[in-house]
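Undergrad: Sending over a structure as structure tokens; questions will come in a sec.
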Amino acid sequence: MSKSALLSPAPFGRILTAMVTPFDETGRVDYGLAADLANYLVDQGSDGIVVCGTTGESPTLTWQEQQKMLETVRNSLGSRAKVLAGTGSNSTSEAIEATKEAANSGADGALVVVPYYNKPPQEGLEVHFRSIANAAPKLPLMLYNIPGRTGCSISPSIVSKLMDCSNVVSFKAASGTTEEVTQLRNYCGEGLAIYSGDDALLLPMLSVGAVGVVSVASHLVGPSLKKIIESFLEGKYAEALYLHEKLQPLFKSLFATTNPIPIKTALQLIGWSVGPPRSPLVSLNSEMKEELLKILSSMRLI
């Protein structure tokens, strides 16, 4: 990896928090709390906020709720941070409409997941993403590969073809392996900004060319994640490794079951009343909650 690649700026910043969607005691979206949480996350080092992604429970939000979440966070943060909207769908037409709405609402970018359930072939994925990019040509896109949830994976060769769309600028790599980053860089070069989609792989992915992270743990340890990245960029690898290893128990606990169940519990334990996830997700069981509480206590987060 060249020195210029190591030091190159990331289009959305280095740390993007995939923010939870808060619900009140009746199960409605708490937009006021969402605005407060977004500002808190920026205060804690986030360069950007992703609303209504996986962690934001997009599958159980209506399009109207997603639109209002974006508008709320965008208006609350102003120019303090980048705001990306989760606009992916397994329907190309729905993803196009959501992405166009995000552009009209002032989003700085859109996170567009690989279509899920219908498992399109690679040719279909190219058509899908190209159609979205062409429909909102001025809105920067982050393609999102998470095969464990979608049932299929976009190939680096298709990503490289999509880069002739000027707004395909970044990629969230959540396949659980650094090999994905290496392959993407081989096919796409330094023109594609790759973000780790896994907190536990942030440092390994930085080492093979990622520029930052779309994080869940930054709800809790934003300053530590920022320090890992800063230490790495400054060549202080031992310091980065120390922090990486120190945070592993927390990362493991936050993904002991389906995200965002643990992070919503953790936020409630530290004083953020974000509510439980919507069905079919459920609250964290008592055993996992006790383990999470121990880890948060040991890290002096509560």
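Using the three backbone atoms N, Cα and C, a Cβ is placed for every residue, glycine included.
The following feature annotations were taken from TrEMBL:
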ACT_SITE  Tyr144  active site, proton donor/acceptor
ACT_SITE  Lys172  active site, schiff-base intermediate with substrate
BINDING   Thr55, Val214  pyruvate binding site
SITE      Thr54  site 'Part of a proton relay during catalysis'
SITE      Tyr117  site 'Part of a proton relay during catalysis'
Undergrad: Go through Tyr117, Tyr144, our recorded positions, and report the one whose Cβ sees the most other Cβ atoms within 10 Å.
TA: Tyr144
Undergrad: What is the Cβ neighbour count of Lys172 (active site, schiff-base intermediate with substrate) at a 10 Å cut-off, with all protein chains included?
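TA: Counting Cβ neighbours of Lys172 (active site, schiff-base intermediate with substrate) within 10 Å gives 26.
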Undergrad: Cα-Cα, whole number of Å: Thr54 (site 'Part of a proton relay during catalysis') versus the residue listed as 'active site, proton donor/acceptor'?
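TA: That separation, Cα to Cα, works out to 11 Å.
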Undergrad: What residue among the recorded positions Thr54, Thr55, Val214 has the most other CB atoms lying within 10 A of its CB?
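TA: That would be Val214, with the most Cβ atoms nearby.
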Undergrad: DSSP three-state call for Val214 (pyruvate binding site): helix, strand or coil?
TA: strand
Undergrad: If one measures from the C-alpha of Tyr117 (site 'Part of a proton relay during catalysis') to the C-alpha of Tyr144 (active site, proton donor/acceptor), what distance in angstrom results, rounded to a whole number?
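TA: Cα-Cα, rounded: 15 Å.
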Undergrad: Tell me the Cα distance separating the residue listed as 'active site, schiff-base intermediate with substrate' from Val214 (pyruvate binding site), rounded to the nearest angstrom.
TA: 7
